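Reading through the structure tokens given below for one structure.
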Amino acid sequence: MEGEGLLVRKIRSGVVIDHIPPGRAFTMLKALGLLPPRGYKWRIAVVINAESSKLGRKDILKIEGYKPRRRDLEVLGIIAPGATFNVIEDYRVVEKLRLKLPEVSQGVLRCPNPTCITRKEREKAVSKMVLVSHDPPAYRCVYCGTTVRGEEIHDLISP
Ligand code: CTP
Ligand code: ZN
């Protein structure tokens, strides 16, 4: 049994995100819009610093009853590439996939350049950021060329 079993039981249905680098579970909750007051709809378990043979330490997120939306995989892939996304039904893992950095992010990652066309109040273009480096991750805006990298990317995820 993994260490987290001592803290949190298995869930009946929903989503379990495992192998999250320590500290990123809260980043995920925020980016998914699951922190209070919105997040009070679901039963959520956050395990910080669980033991992991692969990572040493890891975070785990369990969201009971949650139906993932299409953009969630993109959001989570940006925050924790390599983490495992599990869909649970009737106590069983029915889908397991490894999160990865999206090659292109449209409408999810915002460009930080205040004069970029994607930041205009009117007639603004939908943001389009292209992956230009994996480690550390970096994205470049196709409109103005602004490049963002590392942890600053997390603050640019649209709510
Ligand atoms: N899990 C859960 N509730 C369930 C089934 C699984 O909370 N009803 C959790 C497990 O505790 C684990 C994750 O979902 O954190 C993935 O489950 P499983 O694939 O059974 O575990 P592992 O084989 O250890 O996964 P991996 O190979 O991805 O490490
Ligand atoms: Zn831009």
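Including glycine, each Cβ sits where the backbone N, Cα and C put it.
In TrEMBL, annotation is done automatically, which means it is predicted and not curated.
Annotated in TrEMBL:
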DOMAIN    7-99  domain 'Aspartate carbamoyltransferase regulatory subunit N-terminal'
DOMAIN    106-153  domain 'Aspartate carbamoyltransferase regulatory subunit C-terminal'
BINDING   C111, C116, C141, C144  Zn(2+) binding site
Any further residue of that chain within 8 Å (Cβ to the Cβ centroid of C111, C116, C141, C144) of the recorded Zn(2+) site | P112, N113, I117, T118, R119, S127, V142, Y143, G145, T146
For C116 (Zn(2+) binding site), which residues of its chain lie six or more apart in sequence with Cβ-Cβ distance below 8 Å?
-> C141, Y143, C144, T146
Restricting attention to the domain 'Aspartate carbamoyltransferase regulatory subunit N-terminal' (7-99), give the mean pLDDT.
-> 93
What does DSSP say about C141 (Zn(2+) binding site): helix, strand or coil?
-> strand
Quick note, C111 (Zn(2+) binding site): same-chain residues at least 6 apart with CB under 8 Å of its CB -> T118, R119, S127, M129, C141, Y143, C144, T146, V148, L156
Which site among C141, C144 has the most other CB atoms no more than 10 Å from its CB, taking these as binding-site residues?
-> C141
